Amino acid sequence: MLARFIWAVVFGVMTASAGMAEVTVFAASSMKTVLDRIIAGQDVRVSYAGSAALARQIIQGAPADLFISASPEWMDAVEAEGLVTERQDLLSNRLVLVSYDPAPPVDLRKFDILAALKGGKLAMGLVDAVPAGIYGKAALESLGQWEALAPHVAQVDNVRNALALVSSGAAPMGIVYATDAMAAPDIHVVGLFPKDSHPKIIYPVATLNDRPTTLAVLELLNSYKARKIFRAGGFEVLE
């Protein structure tokens, strides 16, 4: 309670001193469920999209104050342009196979995804741009299934849209983050992809300026309140 009060006072003072300036956060779409809870009541506007699209917008001059990416590589691209003032690795996640129909949990090392699709599509983020798609392709390659599945993949511009394809029944299965699956109780987790089947999933966060309100939001993301929400949402908080 005391920490929450202190945060409210600090953020209020900083916002007042900065002329009530709104803070704009560009965040990977998989952050939406938890981030909306964390910033509730604050003068913060969030633009959610795929990390690749957000990084390109920032590089092209979009007015963002903070960037949360689902991929270190897209944060690297922004940093290479000299746009990052402070950066840290914030969170980690897991990759899961989900289905529209109820399904018993399986060991994905021994599971034939193509056969389970029964002629349908496998929903994924863009495998050359969206982090969840990149991780998903790497996992399928590691399990020896990518070549057979590639013609049957429905690629979309962010992981939440892949989730929506499965939730609506437009695709019988999809590859999303474990946190996305937790946010959609109407879908079913078939299995976790082995951690060693793809690069570690890391969400870096970076400030893009040194405004007091920007730094205050970064502090909020590292607060006890935020960490509790991240963990409840299925994320691993990186120390």
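Keep in mind that glycine also has a Cβ here, set from the backbone N, Cα and C atoms.
According to TrEMBL, the protein has these features:
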- 1-21: signal peptide (SIGNAL)
- Ser30, Ser51, Ala132, Val159, Tyr177: molybdate binding site (BINDING)
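Largest Cα-Cα distance over the residues recorded as binding molybdate, namely Ser30, Ser51, Ala132, Val159, Tyr177, equals 14 Å. Of all the Cβ atoms in the protein chains shown, 31 others lie within 10 Å of the Cβ of Tyr177 (molybdate binding site). DSSP assigns Tyr177 (molybdate binding site) to a strand.
The record gives Ser30, Ser51, Ala132, Val159, Tyr177 for molybdate. Within 8 Å of the mean position of their Cβ atoms, the other Cβ atoms in that chain belong to Ala28, Ser29, Gly50, Ala70, Asn93, Gly125, Val130, Pro131, Asn158, Arg160, Val176, Asp180. If you draw a 10 Å sphere around the CB of Ser51 (molybdate binding site), it holds 34 other CB atoms from the protein chains shown.
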